[in-house]
Amino acid sequence: MTLEEERAHLAASRAALARMLDLARHRVATGEQVAGDRYTAEMLGRMLKSYAKELAEEPDGPLYFGRLRFGTGPAAGDHSGQCYYIGRRHITDEAGEPMVIDWRAPVSRTFYRASARDPMGVAVRRRYGWQGGTLTGFEDEDLGAGQLVASRPVASRLLASRLVAEEIERPRVGPMRDIVATIQPDQDDLVRADLDESVCVQGAPGTGKTAVGLHRAAYLLYSHRRRLKRDGVLVIGPNPAFLRYISAVLPALGEVDIAQRTLDQVLARRRVTGTDSDAAAAVKHDARMASVLSRALYARLGEPSGPLTVAENSARWRIPEAALGRLIGQVWQESLPYGIGRERLRSRVVGLLQRQAEARGYAPGAAWIQRMGRSRPVRDFLDQVWPAVRPADVVAELLRDPSAAADGILTPAEQEAIVRRRARWSAADLVLVDEVAGLIDHPESYGHIIVDEAQDLSPMECRALARRSVHGSLTVLGDLAQGTTPWAATSWYEQLTHLGKPKARVVALTAGFRVPAAVLALANRLLATLDVDVPPTRAVRGEGSLHVRRADDLAAATAEAVREALGHEGSIGVITREPFALTADRVTVLHPAMAKGLEFDHVVLVEPADLPPRLLYVALTRAVSRLDIVHHRPLPPAIA
Ligand SMILES: Nc1ncnc2c1ncn2[C@@H]1O[C@H](COP(=O)(O)OP(=O)(O)OP(=O)(O)O)[C@@H](O)[C@H]1O
């Protein structure tokens, strides 16, 4: 097929997409009239609306990025002699024949996996080059013959394709983009892991963890749409700036219904107005707090102080104290959540009353049972032995005086550290409140949760996510070397245990798609001093540029570096602890702690000696093309 013929196919695909969109809109408009009853009409309307919305999200840009032409040998199987265009979503012609196949469909897997060594039945893999919505060319890989045709020399040592290399080398501007056109085989393996499987990706900076997680979310929704529309998919990121940075990826993949939140946003039941000392935060985030809170909650259980008597008209029903004690013991043994235990006890008590009534010839019905359950004596009994509680009250009481619940678990100094003298909620307190809420009742659970920067979560934060994925699975993304919180994980096994998935497969990604080789060499030197057991990154990119300048006037030198950076295209990030006023379109000034997960085409890093080693490692690995280090004090030895 010539470029002209390819363009004709593109025009036909665009027309087909426009027709699909018209049809979907038409169905939204008429759907309510055609459906039988109101419920069905509403469900249908909602479904069609979201379908129309997804179609409309389709960017004007490339409709597809690749094409597979299968050979005729036995390896091609059912696809023998077939040709498929692979794009961001299915497009079908009027007869329902596929014009473009969704990248998530089973056959598309071949696009990412086939290699000269194992062509998987593919004769030729074609990749398209685009400029905006215009098709500019293509590149064929003759997998049958094991060679790349019509290609200029490739920039990278590791990539066979010029188009893939160009995509990776492209200067970065604006928010994160999807990588569907260039997913690599090891990434694809993770993206398509089964829904029931929890996986943990240990990936050095820029190896595509975030990209993999987001594409996995889109893939899972495609493959298990009904189940996950019902159960929900949640993406957890470290801060709102990061969520803004990644926010366009899923909509570009046609997925508009995935919640993307910080953990704080998930837990927020009340406003955070207080802060913790480092010592208090360390204790509150420690896994032992789970035992302390459980003790604090269950300390509320009491003993019956006599028999329970309910009088109704002329009848009197009575349960002796010993029998009540036995009931409490039985319910306790069932290890139910606290709130459910209280209701179970209520129904057991009423059950005993009911049996007495029946023994005396009454035939108590549902209304009687309900009345008994709400009767004063039964309520009083429950309030005494298994009182209703609010999670925040349990935590507030514990923080006023931790001793009763914490003795033997926390040291006296630790107890002292968490005593709260003013009733203000800190972020860590909300994690504790959530823990208690989880002891009282099951929280909303998700079908799948993707947790980014998971190495930074505390054990107690992990537990909050574990509770929300009891019936679902997790994709855990992180890098032990980039852990910068005081409680950052040092072992994935431990972190996964806190997350409730100790058996999750841990996979390392080591091909770095962000950081250029020159910068990576420096970062890897620092990595060697960080005392974490993770493999270093190999650069898939070119050399890039690394500049170090010593200056007496840091602010002036920084401004100078930014001015120079503005001479290139792409985004610029100034990573500094000092306030630095600068307003230019492409420039973002940010504190190192906020740089996590982000990337800029050009990074100006100010005074590395100010940063603890791991934060320095994060800051060093944000640059895509150029890194400028501006310093006054001597550089830390590892990077000097
Ligand atoms: N297969 C790929 N093809 C093209 N670009 C890729 C590929 N994989 C990753 N990238 C790009 O590499 C950059 C880094 O990816 P990403 O942010 O997902 O890495 P990360 O491992 O999460 O990094 P960090 O540890 O810093 O959070 C992004 O610009 C992403 O688009």
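Yeah, the Cβs are placed from backbone N, Cα and C, and that goes for glycine too.
Here is what TrEMBL says about this protein:
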DOMAIN    182-516  domain 'UvrD-like helicase ATP-binding'
BINDING   GLY203, ALA204, PRO205, GLY206, THR207, GLY208, LYS209, THR210  ATP binding site
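A map of TrEMBL features onto the structure.
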residue: GLY203; record: ATP binding site; CB count, 10 Å: 28
residue: ALA204; record: ATP binding site; CB count, 10 Å: 27
residue: PRO205; record: ATP binding site; CB count, 10 Å: 23
residue: GLY206; record: ATP binding site; CB count, 10 Å: 28
residue: THR207; record: ATP binding site; CB count, 10 Å: 26
residue: GLY208; record: ATP binding site; CB count, 10 Å: 26
residue: LYS209; record: ATP binding site; CB count, 10 Å: 25
residue: THR210; record: ATP binding site; CB count, 10 Å: 25
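Under the DSSP three-state reduction, GLY206 (ATP binding site) is assigned to coil, being neither helix nor strand. The record gives GLY203, ALA204, PRO205, GLY206, THR207, GLY208, LYS209, THR210 for ATP. Within 8 Å of the mean position of their Cβ atoms, the other Cβ atoms in that chain belong to ALA211, ASP479, LEU509, GLY512, PHE513, ARG514, THR537.
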